[in-house]
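What Swiss-Prot says about this one:
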type     : residues : note
TOPO_DOM : 1-15     : topological domain 'Mitochondrial matrix'
TOPO_DOM : 35-40    : topological domain 'Mitochondrial intermembrane'
TOPO_DOM : 67-72    : topological domain 'Mitochondrial matrix'
TOPO_DOM : 106-128  : topological domain 'Mitochondrial intermembrane'
TOPO_DOM : 184-190  : topological domain 'Mitochondrial intermembrane'
TOPO_DOM : 224-232  : topological domain 'Mitochondrial matrix'
TOPO_DOM : 257-261  : topological domain 'Mitochondrial intermembrane'
TRANSMEM : 16-34    : transmembrane segment
TRANSMEM : 41-66    : transmembrane segment
TRANSMEM : 73-105   : transmembrane segment
TRANSMEM : 129-152  : transmembrane segment
TRANSMEM : 156-183  : transmembrane segment
TRANSMEM : 191-223  : transmembrane segment
TRANSMEM : 233-256  : transmembrane segment
């Protein structure tokens, strides 16, 4: 490897941004084809290409950061800023859904019956499955913090246990949310209540799945001795993301499930 006179990472040319963009194109167009023509071919192709891109791009980042030493302190600082800005953009993404919900619920139109929830909508009991989901996510926030402190203290076994528990809680949350959707007395087609409910909680559910996958990758890396007590930004980013998902759920629970019902 050539001598480098600075602490910054000059990234090598990579095909993965291009394959990722093609995968995104296939996913969006494939979803439209699925809706209109009931064909899953394009959507499946997009999913496969996306998974291959994710695997190979992450593999390259792990090589560069863990084995080649490119993730120096200044590079890690840049990655931290990047993750903070990404989470900030996600905050505004969800802010749009909350805005739509409160716009519809604080001044319900005559078409909705002048009340909220709209006439004819049977809401979910906030003190049943939604409350259990809240407890599950809060518990997962505790276990991911346990994992973080274990990494910093060099407690390898405890880190693996805590991460495994966090991932299991994440998948349990997804299962409960899926059952709730299946048994819900209204659909996404039931006016503004149905659309705001399913879009907001659905995108949150997608973020839980992404966060669980992120943590699963961290668990595999921890098992393979990739993290040290000083060098573990991959896990740190996953933990930040998971705490963000927790906080969004608390706002969803209070706004849509409890106040909105």
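Quick reminder: no glycine exception, Cβ is built from N, Cα and C everywhere.
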Within the topological domain 'Mitochondrial intermembrane' (257-261), count helix residues (DSSP H, G, I), strand residues (E, B) and coil residues, in that order.
3 helix, 0 strand, 2 coil
Would you mind splitting the topological domain 'Mitochondrial matrix' (224-232) into helix, strand and coil residue counts from DSSP?
0 helix, 0 strand, 9 coil
Return the stretch with the most CB pairs under 8 A relative to the transmembrane segment (233-256), choosing among 41-66, 73-105, 129-152, 156-183, 191-223.
191-223
Ranked first among 16-34, 41-66, 73-105, 191-223 for CB pairs under 8 angstroms with the transmembrane segment (156-183):
191-223
If I take every residue in the topological domain 'Mitochondrial matrix' (224-232) and average their pLDDT values, what number comes out?
91
